[in-house]
Amino acid sequence: MLRQWSGQSGQAPGDREPEPAAEELWESEMERLCASRAPVRTLPYAMADKRFIRQLREPEGVKTSCWQSWQRRRQMAGRRLREAAQRLARGFGLWEGSLYEIGGLFGTGIQSYFTFLRFLLLLNLLTVLVTASFVLLPLAWLHPRDPGPTMNLTLQCPSSHQPQTGVPKFHNQLWNVLTGRAFSNTYLFYGAYRVGPEGSAAYSIRLAYLLSPLACLLLCFCGTLRRMVKGLPQKPLLDRDYRVPLSAKVFSSWDFCIQVREAATIKKHEISNEFKVELEETHRLQQVQQQSPTQRACHLLSYLRVNVLIGLLVVGAISAIFWATKYSQDNKEESLFVLLQYLPPGVIALVNFLGPLLFVFLVQLENYSPNTEVNLILIWCVALKLASLGMFSFSLGQTVLCIGRNKTSCEPHGYNACDYQCWENSVGQELYKLSTFNFLLTVAFAFLVSLPRRLLVERFSGRFWTWLDREEFLVPKNVLDIVAGQTVTWMGLFYCPLLPLLNSVFIFLTFYIKKYTLLRNSRASPRLFRASSSTFFFQLVLLLGLLLAVVPLGYVVTSIHSSWDCGLFTNYSAPWQVVPELVALRLPPPGQRALHYLSSHAFSFPLLVTLSLVLTVCVSQSRANARAIRGLRKQLLWQVQEKWHLVDDLSRLLAELDPGEYPCPES
């Protein structure tokens, strides 16, 4: 195009002279392109035109400096290297092929669950990397001196209470592995970390052990918040006034680069699922618009009824978990103690298994939209999961730390030293058992429930087997299971530092187990939903789980006396006391005064005012951007309408002209 224009500007004398308007347009365009500093590769021209523009910017006889040439070559090499790295990352991306297959066959809603699994796996691996870098490697490299014998404290315990020892009563190696007793003297639990008093060493293992869980939680919070905010801009696009027309999806959805039959089949399913979601949402929107006030009132009453019933179920489940944990911890001397060890995880697993199924049954009795069903079930499953974990933590706090209880064995040391000499290990073993039991339940349900159900349905025929059918893959239930496991992992960062490594293995295996269950043992859900409507809620649920883990961990670190028999903080009233001790030992007086000022109220007040001003500016800027977006949308609509009016006028003018008066193609 551009080269043709340039050729016409220098035509032979016998050729037709170019029009003045075209020549003026050509000159203005050339001046703009020569003066522009935009990269040539970003200009909307063909490759030959881009070469011509580069020649115009660098005319013959004008040589660029060596610095400019080197800088241009460096930018081009860096750009090609980044593109190659991105292609390599996409080629070696974890589970990319599986995610593409699942998204094509079952829709993006179910695909979002498996994408969420991959995100949690990356978070756990990042946590393991931080712990290994700042605690395990320095501990192995520095070889800190032995702390010596522990404090010889005399415990005034009742005769019916015998302190726990490290020797298990049940001599079964498999059972010891399942309960965590086999690893009680390893770095998996808090009690195995021992160093001497703080001295002149340049690196403090105690401080690293204390701050590593906090840093991991902060990194997980930032990653989850970034992922949640990243999905926010997609939600306004789902507004009914600005959706992509269905005709555009029909004519532009196919990928003509596909050459493999399997990929073509997956793409067909993906397009079909997208059309189903679009048509179902349009139909649901029309039904809502056609509802009368009476129908809306009935719909609201049914919504309240379902929520009240589910709320009663949640209260009953929380009560069952509280009494099961209390009974298990209060009956340690009985002969059934081995079985009672898994009573709290068993009750929690049973409640979390039956609860979502009852929620789904109650919600599906009503005529809700798929997105409403998913969000409603998720809300109550969140309440059930997090409340059950919160009640489990509170019950452990009552038993181990005597929170809310007056007990003689807790008065001298601040915890139940008669039953739990190393209470951090005991809490870590409880969380270890809970995480292990959740994974074992996932495996058992996949191969002992879903698989036999599918085989029976395929083997027998009849009305009952037709009604039973294969199980439906419930995204809310599966998401809440994995969020509960991740919350338990975050709760155990201080008591069981390597629990994220174990949870990474569980998540990796869970991906393939759930994929097998979905592809072989499950049926496609007849009610599809968008991934963008659920991904944001998944991250919100994960943030709530993170908050549930941070609150008890912060309380324990700052207020609870450490065990006198094991661990890094045997001589401290609370683990956080190591921070002021190291500040007094390591920092000079000006640094101590600065740190004291940063932690005082004199600094918090101006900081709060500054944050308020920044928040006000951000909110104002967000509202201004929203107004600008609305204005641009109106302008876009006006331009489209103007173009349609021009097309109508042109069509009317062409209809009025005679066929002989039509302009020839050359003109």
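Note: Cβ is positioned from N, Cα and C throughout, glycine not excepted.
Marked as region 'Disordered' by TrEMBL: 1-23. Among the features that TrEMBL reports, compositional bias 'Polar residues' is placed at 1-11. The transmembrane segment annotation in TrEMBL covers 119-141, 207-229, 303-324, 336-365, 377-397, 492-513, 534-555, 602-620. Here TrEMBL flags 422-532 as domain 'TMC'.
The stretch in 119-141, 207-229, 303-324, 377-397, 534-555 that contributes the largest number of Cβ pairs under 8 Å to the transmembrane segment (492-513) is 119-141.
Confidence in the domain 'TMC' (422-532), given as mean pLDDT, stands at 86. Stretch with the largest number of CB pairs closer than 8 A to the transmembrane segment (207-229), among 377-397, 534-555, 602-620: 534-555. Remote same-chain residues near the transmembrane segment (534-555) are listed as 109, 112, 115-116, 120, 213, 217, 220-221, 224-225, 227-228, 231-232, 235, 371, 374-375, 378, 382, 385-386, 389-390, 393, 397, 475, 479-480, 483-484, 486-487, 490-491, 493-494 (criterion: CB distance under 8 Å, separation of at least six residues from the stretch ends). DSSP assignment over the domain 'TMC' (422-532) gives 84 helix, 4 strand, 23 coil.
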